[in-house]
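Student: As listed in Swiss-Prot for this protein:
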DOMAIN    118-231  domain 'C-type lectin'
CARBOHYD  ASN102  N-linked glycosylation site
CARBOHYD  ASN103  N-linked glycosylation site
CARBOHYD  ASN151  N-linked glycosylation site
CARBOHYD  ASN180  N-linked glycosylation site
MOD_RES   TYR8  phosphotyrosine
MOD_RES   TYR40  phosphotyrosine
MOTIF     6-11  motif 'Immunoreceptor tyrosine-based inhibition motif (ITIM)'
MOTIF     38-43  motif 'Immunoreceptor tyrosine-based inhibition motif (ITIM)'
TRANSMEM  71-93  transmembrane segment
Amino acid sequence: MDNQGVIYSDLNLPPNPKRQQRKPKGNKNSILATEQEITYAELNLQKASQDFQGNDKTYHCKDLPSAPEKLIVGILGIICLILMASVVTIVVIPSTLIQRHNNSSLNTRTQKARHCGHCPEEWITYSNSCYYIGKERRTWEESLLACTSKNSSLLSIDNEEEMKFLSIISPSSWIGVFRNSSHHPWVTMNGLAFKHEIKDSDNAELNCAVLQVNRLKSAQCGSSIIYHCKHKL
């Protein structure tokens with residue numbers, strides 16, 4: 001045995017197919033694990049995105065009114081407009097009509113003071129009568145027509161107190177007293193005899209009466225004298 005030499009040789013055995021397949025097994029498992037992790041991450045991202053979109057829709061839904069709410073709001077708005085228009089119609093139109101009626105009534109009162117118990121504007125009230133104090137000088141007949149156009153008569157004197165009052169207002173004015181001649185009596189516009197004394201009655205040309213400073217006197221009917229009108233209430 002000592003004489004026999006020990007022979008060392010390298011055995012070149014063919015590779016074992018099973019071992020060759022086992023080596024890549026670890027790599028394959030790691031790849032599969034990585035793929036699973038990626039897939040799981042993608043699923044998580046997708047789920048998170050869906051949750052975010054769902055929450056966003058929820059928030060938007062909370063902020064925006066639904067279709068029935070919009071309809072109700074629109075109906076309420078229309079009702080409010082109708083009510084406002086009705087209020088304006090009820091308040092404005094009657095007030096306008098009332099104002100027109102008042103203006104018409106005022107004109108009627110001014111033209112026909114006897115029917116309402118008040119004197120027209122710019123007239124003076126004294127002892128249940130209205131007096132228009134004229135500033136124009138006219139003849140007796142012109143003064144008579146001017147007072148008639150004002151729904152009144154030429155100034156008449158009922159008593160001494162009224163004469164004093166009128167003398168304070170105006171020193172001189174025509175009165176509604178006349179005569180046909182010096183041989184006829186003095187009469188009023190109603191044809192009644194005038195009882196107060198009239199000065200200068202002897203002059204045949206002076207057939208119309210004038211109030212002058214607390215007394216009555218005769219004057220020519222064609223003279224231009226201030227006139228006053230009287231209207232009994």
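Heads up, the Cβ atoms here are built off N, Cα and C, so glycines get one too.
On a predicted model such as this, the values are computed, not experimentally measured, just so you know.
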Student: Which has the fewest other Cβ atoms within 10 Å: ASN151, ASN180, the glycosylation sites listed?
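Tutor: So among ASN151, ASN180, the glycosylation sites given, the one with the fewest Cβ atoms within 10 Å is ASN180.
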Student: What is the interatomic distance between the Cα atoms of ASN151 (N-linked glycosylation site) and ASN180 (N-linked glycosylation site), given in whole Å?
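Tutor: Computed Cα spacing between ASN151 (N-linked glycosylation site) and ASN180 (N-linked glycosylation site) is 25 Å.
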Student: Across the whole of the motif 'Immunoreceptor tyrosine-based inhibition motif (ITIM)' (6-11), what does the mean pLDDT come to? Round it, please.
Tutor: 44
Student: Please list the DSSP helix, strand and coil residue counts for the domain 'C-type lectin' (118-231).
Tutor: 20 helix, 42 strand, 52 coil
